[in-house]
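**Q** Submitted below is the structure of interest, expressed as structure tokens.
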Amino acid sequence: MADPGPGLGPVYNILPVDFPQVEHAGMLFPEVKAALAALRNIPPGSRASDMLEWLGGFFGFQADNVRNQREHLVLLLANGLMHLFPVETSIDENYTLEANVVRMIRKKVTGNYVKWCRFIGRKNNMKLMKRRRGRQEQDEDQEEEIGRELMYICLFLLIWGEAANLRFMPECLCFIYHNMLVELNEVLYNSDYDAEALVEPSSAGSNGFLNHIIVPIYEVVKAEADSNSGGSAPHSSWRNYDDMNEYFWSSRCFDQLQWPIRRDCSYLKEPKKVRGYLNRGTKVQHHKVGKTGFVEQRSFWYIYRNFDRLWVAQILFLQASVITLWHNGGLPWIELQKPDPLARFLSIFITWSLLRVLQSLLDIGSQYSLVSRETLLTGVRMVLKLLVATTWGILFIIYYRRMWWQRNVDGYWTVYANNRLHEYLYICAVFIVPEVLALVLFVLPWVRNFVENSSWRILHVLTWWFQSRLFVARGLREGVRDALKYTLFWLSVLASKCAFSYWLQIRPLIAPTKQILRANNITYRWHEFFPNGSRAAIVALWAPVLMIYFMDLQIWYCIWSSGVGAFVGLLQHLGEIRNIHQLRLRFKIFPYAFALSLLPPIIDGHMTLWENAKIRINRFRLRYGWSGIHNKVKWDDWNAVRFSHAWNVIVKNFREEDLISDREVELLEVPDVKGSWGVSVFQWPSALLNNQILQLLINDVQYFKGNDKMLWGIISKNEYRRCAVVESYESVKHILLRKLLKNDSVEFKIIQNFFDEIDASIRNDRFTSSFLLRELLNVHARVVHLIEVLLDKPAASQIQEVVDALQSLYECLVEDFPRDSGIKENIKGHLDERNKETELFMDAVTLPNKGDKPFFKHLLRLHTTLSTRDPLLNVPKGLEARRRISFFGNSLFMTMPRAPQVDRMLAFSVLTPYYSEEVIFSTKALKEENEDGITILFYLQKIFPEDWANFLERMKKEDLTEQILWEKDDAIEIRLWASYRGQTLARTVRGMMYYQRALEVQAFLDTAQPEDFDLVGKREPLQRGGSTNSMGSFGSENEMAQMMNRKHKERQFLAAASMKFTYVVTCQIYGQQKKNNDYQAADILRLMKKYQDLRIAYVDEERMEKGVKYYSVLVKYDPDLRKEVEIYRIQLPGPLKLGEGKPENQNHALIFTRGNAVQTIDMNQEMYFEEALKMRNLLEEFNRFHGIRKPTILGVREHVFTGSVSSLAWFMSAQETVFVTLNQRVYANPLRIRMHYGHPDVFDRLWFLGRGGISKASRTINISEDIFAGFNCTLRGGTVTHHEYIQVGKGRDVGLNQIAMFEAKVASGNGEQMLSRDVYRLGHHLDFFRMLSFYYTTVGFFVSNMMIVLTVFVFLWGRVYLALSGIERSLTTGSNALANAALTATLNQQLVVQLGLLTALPMLVEDALEHGFTTALWNIITMQLQLASLFFTFEMGTRSHYFGRTLLHGGAKYRATGRTFVVKHEKFAEMYRLYSRSHFTKGIELLMLLFCYLAYGVITSSATYIVVMVSSWFLAFTWIMAPFIFNPSGFDWLKTVEDFDDFIQWLWFKGELFVKVEQSWEVWWEEEQSHFRTTGLWGKLLEILLDLRFFIFQYGIVYHLQITGNNTSIFVYLLSWTYMLAAVLLHLVISNASEHYAANKHGLYRSIQLVTILVVVVILIVLYTQTNFTFLDIFASFLAFLPTGWGIIQICLVLRQPFLENTKVWKTITAVARLYDLGMGLIIMTPVAVLSWLPGFQAMQTRILYNEAFSRGLQISRLLAGKRNLHTD
């Protein structure tokens, strides 16, 4: 609300533009005044105050929407003026708005609308004035032109600000804007004076726009969203946001929807829900518009359909390689010179044409529902493509057969045969004409872009055949230079892959294949339905090799990208400052590097080419130390003064964050230039000067023999040494003559004479000849002693100690130090004048004031400089502070745009979505103990011991002990300290608000004058920037006037900063939290109080009689009113959440952001102050061309700050670090395919404002909402870059369960991406090489992971098949056909990926780049010792399971990971619930396959078996044991026993109403199989087909039982099913007896059990005595029949609906499934129990899990045992 109440001041957001009477520094800016004045240019006769109010009243916009957009537009215009023109031009009070600024904003805001009009063939309705040639005429038209453009901007912003969920539909907004422009123009350009009264818009009335325009469309969107059954309905059965939006990509929207909007239009027909098994969504309604543009069908075929060019290329190369190698296996270019191989090689065109047929069939099968009466051409195109592809296939087959028929008839290649060959080649040439044309257009990208973006209909007709014309995905080609770079990259990758595949994969398989084909003496061990077993052997041999063949391009991409990423990183100068030692070496040129990078240039405005060249040359010379002028920084150097101010701010912020101690602040701080006792050299931080004096005295001066020049050369050789010597000398001089001795005393004159003599001897180059250098050590010792006495702050009663120290120093200086008596006499010239009755110095000393803190601070600095013997290499001590300082220092030498002045920088906002996570840790959460007695606070104290000590030291200065801290203000200080080390909202808000502080400091530095630094320490907001060395009084009137001027400037700085930066946290349910008095609401309010520029947006629900009204609300904390106040309240058309929650939450708050850019920050991120200083440099990237376009998304480097918590956190951190650095570096350059992978990227806000926002929100399909912003950006012609000179902190999950849920979320999201229209369009509209980049950097990575896992299963199932059937034994008798180099190479490739070595390579490369090769190698070795390979292998299983399941069945959902610290032991039941289906069942399947092959396979040698099977055994072991290895206390015996009891209780607990998954197996089982309820028919059929593999165990093993007597009849297998029937009967008897008699008739129950056991024993005895049955057959039977039972259960689950669920059989199926889970649980629990029982494993596991924390001083033994000594109670 605008007015908080009677008697209280008005409420505004940033500027009081609605209340001009309010005094505000920002309202005094001429640019703001000019913007407000321009907005008052409204139609005559109107009572409105400006354009926005007039438009609001005319079109029925909400009042708060008008107010919100008024401030929004005023800030855009004012900042635009500031950015475009130098500051000097912005001082005229009559300053007017510039047309160029307005035009620039209008083009950005309405750019998509203009493009849309051109696409659909309509002229846009913006009646812009054509520029006239005359200067006078232009001046006359400028005001009118500005008014028109402003009016169009205002209208669009008002539409956008009230569109709510329709902001996800940008072309829908274009349609609305287009029609409202017509109504607006009728008023603006109507000759009637009262035109406004004559024209009634379709949205007239109070809230008319919302009710008449937005609500009708919103209701349809909501109805469609409701029909998706919570995301479980097939995507093809309902219209998502994209479908609703793409309806407006054709002109039919004007014919059907019309204006005013027709409510009965087919587009606005709501779906009708139809219940049924296969109709979970909506039934197709022919009278309404259905799916538009694309249909998402759930199918594995989308892997091929989306990237058919990739698979076609690989298939054709495979075929060509096999053909070339089949005869002699020579070099391909030699073999193809022979006619027969060449003719066979040409058969690839048959395959190529048939693959096109396949693609056409897939298009028709998936997109047929797009065809309607309005889109008949789409159907015609699909059918014609199928017919043409089929025709090509038939032609190729006919002519190929004719060619070979003629050759075979003639016996060799005669003239006639060659003619037939030439005919075939002619057809091939015609066939590849489109490919040749595509190649030409690839070489000439601007031609391709012109053709695709052109509105010429003739071009549309010519290109219609190749691809459907879309509004997006046009003009995606990059420039020639960029295309050349990524083309060379991929040619290198493809050459490596093809060479490897040709020689090491395909070639070694040819000879064994021929050998197997010649085999004809195969003896089968079972009943073989297909006697030609050689084909099965070939399939088993080739299948795993082909799986790796189609996958290993990912491996070669990873290898090449690692090398290229390192090379690009070197070019960007990453890793040049890796540690504190290198930082010390370069610190002397930091002031110039800081000025060159982070301070605005002296030349304001546009710089010439020569000026830019000079900047580049200076940067180059500075970077490589080729400029001698930078080696010596003068004390009054302006760059040094400003650098020291900024450096001190950084140091102070480190102290506020408790990263450094008070002592380290003193060592790192730079004293004020003019407040440091008149020292004539630049005063470097004490940490750099530490041992310079003593080292010089001991090593160089003590026995020096030479002249003054030689001595000065030694001193000046090191800049820090030179400065230390000069500063120490002048400081001692200042202490003695200015602070300690009375001016009128004789002693003062003596000491003054001494210093005069020293100065004269130095000037005359006779110092070495006048003084004894060997006495300098003695002088040094006595000076240090005097300083130590003074540091004790002696009282008047202790003056004797000072006098004694002075006398001792006097004796040395006057008597011992001079070389001859003449100098001594000159020094002691006034000695006779003193009163000899008093002791020397007794009456001459003036003790320093104990309260003079600057004096003692500088004295301490002098003492440190003089007395330190060892170099302070461990300052700062904290690893985080060292890392941040090193990175900041390194970034100063990286290439970045010059920083503009704050006034001229681009304005930006930060947006953080929040739901209900931790804001600030509560006292209860910090003190609550886990089962080991460990609290979060204790855990943090042990992980961050230095930070905790620094915190207590900081609190001690305020007389706050730890006990008082717990009792004061709800323990807020301790809670904040802990929260700043967790993944909390408080940490994120603190980091983002550093932008505000940075802008304040930069605004001061931009306008500061030398005299401004005299008052450092007297300022309130900006006092952080100066050392506290200089203090003074405010006695003089001049100083008071200067202070008033300073305060005025500060208000301007604050106003400028607030105009350039806005931070909005969108707390979706904050209103509900306030109503419920949740503690999160109180903590959010506390953050608003702490950071008064923080804004909170939320959705409020207001219950009315007719229903509920929803509002987007923005609030802030008003320090004057001392309460939270409401700024804006904008009504929504209905509930906010129609799709995915996070993007909907971002979208509703986006209207409250400001500026040209918006940075998206998640709640697990933070900013650093020193990095915030570089934000204005980063924003300048928007004005630079990157390739042929300016960027629309700026990618930012991230640092994962959770790596020190545990080994798992370290693995995750290292993996994530590679992705956010090296990988994204390569994505951006040279691949040009970087997308938006999450936060903290910076968006061109105005560009995205009219193009759908910063994410997509359709339910399920957009579950990975962030990356779709990158897809949308690329498809709409944007560019994404990546910049590593600035970094943002980021937290990651730290426990295995959290990591697994995160990986499951990402993998499921990628499964949904594979089905999306965005991926399909990018896969088809990017050029071939960029398509490869796109595939292998997004969904292709998950496909490759899945193929790696499938390779293991395919290999093992193939081997087991060959072993059980007898084919293997027949083929290996006297032959090595099944053991060859190709299989070995394949398994080695698979093992490399499986063990995580492929992940380790980029880790090693990136770590070596930034920290050195030795450090990187040691880290990799340490990771392997901590079982990183187990983690990466386990993670690979998680990805493959959820990616494959999502593609096949769906079920993707948001999984909240919690982001908490993992300090507790996870129970076995929880582990089983989470990993049962993704890892445990697959691991047990692998074990059964391995045991089966071990029992029945042919093993020639142990070495061969190990080589072949080691990867499979490792995979099975990892998937079963990894969760317990990485589980705290995973091998604790007592916990293992408790876990078993808990597991059994959970397993047998009945599932009832309100029972949770954690309580009952039945509830978990129902939820685990939920994806079978939502999967489609094809998904069910494929699942059943896959489940049939379990029946192979029974079919194969029963023929190997001794009881069968080697009989291979089919009846043996059929008879084996009696075992299954007997098992079912046995289960029914026992279960029924348990149900009916176990409780009431226990004796009868026991009798039934006894009889059953006796019957089984009797049967076994009969079989043993009467047949060939052996007891080994019992174990073999388990291996045979248990998988069959599991397969039956899985098939029953698929057929549950609609066949089995309501039958009596289902109860039995559930009971048997429970027994299977019990059995699998026991199998998994057994090795855990054994390892828990054995001594030592628990300690070893703890060491593995927490080794990184051990190195940081974490006492894990005490932590896990709970033996602690807390002082927090």
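Each Cβ is built from the backbone N, Cα and C atoms, and glycine gets one as well.
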**Q** In TrEMBL, which of the ranges 459-477, 592-610, 934-952 has the transmembrane segment annotation?
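**A** So the range that TrEMBL calls transmembrane segment is 592-610.
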**Q** In terms of Cβ proximity under 8 Å, which residues at least six beyond the ends of the transmembrane segment (1505-1526) contact it?
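**A** Distant Cβ neighbours of the transmembrane segment (1505-1526) are 1207-1208, 1296, 1349, 1352, 1355-1356, 1379, 1383-1384, 1387, 1390-1391, 1394-1395, 1427, 1429-1431, 1433-1434, 1437, 1466, 1471, 1474-1475, 1479-1480, 1482-1484, 1486-1487, 1489-1490, 1493, 1499, 1724, 1727-1728, 1741, 1744-1745.
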**Q** Can you tell me which parts of the same chain pack against the transmembrane segment (424-447), counting only residues 6+ beyond its ends and a CB-CB cutoff under 8 A?
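**A** Result: 346, 349, 352-353, 392, 395-396, 399-400, 403, 466, 477-480, 483, 1327-1328.
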**Q** Taking contact to mean three or more C-beta pairs under 8 angstroms, with sequence separation of 6 or more, is the transmembrane segment (1480-1499) in contact with the transmembrane segment (1715-1734)?
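**A** When sequence-distant Cβ pairs are counted, the transmembrane segment (1715-1734) touches the transmembrane segment (1480-1499), since at least 3 lie under 8 Å.
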**Q** Against which stretches of its own chain does the transmembrane segment (1643-1665) lie, if we need a Cβ under 8 Å and a gap of at least six residues from its ends?
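**A** Cβ under 8 Å, 6 or more out: 1603, 1626, 1629-1630, 1633-1634, 1637, 1671, 1674.
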**Q** Please work out which recorded stretch in 383-404, 483-504, 1610-1631 has the most C-beta pairs separated by under 8 angstroms from the transmembrane segment (554-571)?
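**A** That would be 483-504.
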**Q** Below 8 angstroms Cβ to Cβ, which residues of this chain, lying six or more residues outside the transmembrane segment (1334-1357), approach it?
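**A** Residues 303, 306-307, 310, 543-544, 547-548, 550-551, 553-554, 557, 1223, 1227, 1231, 1233, 1235, 1267, 1307, 1310-1311, 1313-1314, 1319, 1322-1323, 1326, 1386-1387, 1390, 1393-1394, 1436-1437, 1439-1440, 1443-1444, 1485-1486, 1489-1490, 1493, 1511-1512, 1515, 1589, 1592 contact the transmembrane segment (1334-1357) from elsewhere in the chain.
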**Q** Looking only at the domain '1,3-beta-glucan synthase component FKS1-like' (147-262), how are its residues distributed among DSSP helix, strand and coil?
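**A** Looking at the domain '1,3-beta-glucan synthase component FKS1-like' (147-262) with DSSP, the answer is 83 helix, 0 strand, 33 coil.
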